[in-house]
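Here is the structure we will look at, set down as structure tokens.
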């Protein structure tokens, strides 16, 4: 029985979709004004894992993740780079997809770009004005009135006064309330990036985009709405308020939020100048290591981004690959099934990946024990380990590929190593221990790690 922590109620609840086994799932996507950073990676690895698991246990998931391809930062960046805005956003989206693909993040079922839904956004704004939830100010901007929604502030579970004091909200004399927000921003005369509307040329505000897109794809309900915890207020609060005012029958059953990335005891933020581009991190660490790192912490908790923690993840993942090294995974319906039961129990408890990881490492210890006494039996458990880890999106490569990747390959050195191992094995069988030790020392100098099993000796380069 799957339980999910619901931000709206601040508790774990048994998950039941609104309609049978079909799930409407929406995650706020990237504003493509620059390369993706590790905060993006954390959020989308988490929701990739969640979607994979929901499908694994039998749900039909309709997964939508938007792309914001128009806003002030995008306009400024394209002008700075002296490149057409659509060409610029296409480049950024291509880079985003490349990074996400390396991390094993499967694409959503639909990835709507905001600029393709301007007409839908205008229709939504027109209805909000008609319902007296929005007004046009003297500048010609369309503004949402938070006072028109008596439930405003309930999602983030704070009083409006606290929400205002705890958030950077600009005070504008053109607003009836300082925390009212823009739905449609009227363009200045010199601005090129605008669309015609009943209120003159302009472009949409950020919050209205998700409301309009979810209205197109989901109409009356979303089973799971996700995003980073930094979006809870004001973005998600504003979004759900707009959606309620647009459609009184609209509901989100579960709100899910992933934790922040912490760097040197501060949340990662471009405004603080402490963010890391994902592409730069991927030059130093393999994508599988980074995915492992993100899932090693519970999705709701903050994750501490340090070189030490990345190295720990690299070593942990290497341990699992070393465990599989030398095995030939074979399915058995009985062996290791208890590990699988425990693994599913962990993920059914609000996607508890740290607990699921602990099951994988228990399984690895079992395999390493069996490799020394019954290699053929270890193959059954190796199959189970590979299968369960695969559900989370790792251990998808061969051990040989992972362990030797990025290491120099020289055919002559390989031949020399295998010759030394053969001589050492002969010396051991002949009980020529001193000779065997000398040969082992030569192999160590060649950066070789040996693993002696009853039937054979495995070797690999030290990474």
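Placed from the backbone N, Cα and C atoms, the Cβ positions cover glycine too.
Feature annotations, courtesy of Swiss-Prot:
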| type | residues | note |
| --- | --- | --- |
| BINDING | 28, 210, 235, 239 | Zn(2+) binding site |
| MOTIF | 30-40 | motif ''HIGH' region' |
| MOTIF | 267-271 | motif ''KMSKS' region' |
| BINDING | 270 | ATP binding site |
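Everything Swiss-Prot records as a feature, shown here on the structure.
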{"residue": "28", "record": "Zn(2+) binding site", "DSSP (3 states)": "coil"}
{"residue": "210", "record": "Zn(2+) binding site", "DSSP (3 states)": "helix"}
{"residue": "235", "record": "Zn(2+) binding site", "DSSP (3 states)": "helix"}
Lowest local Cβ density (other Cβ within 10 Å) among binding-site residues: 210, 235: 235
Listed in sequence order, residues not in 28, 210, 235, 239 with Cβ within 8 Å of the centre of the Zn(2+) site Cβ atoms: 206, 207, 209, 211, 227, 231, 236, 238
Residues near residue 239 (Zn(2+) binding site) in space but at least six apart in sequence (CB under 8 A): 207, 210, 211
Cβ atoms near residue 28 (Zn(2+) binding site) (within 10 Å, other residues, all chains): 21
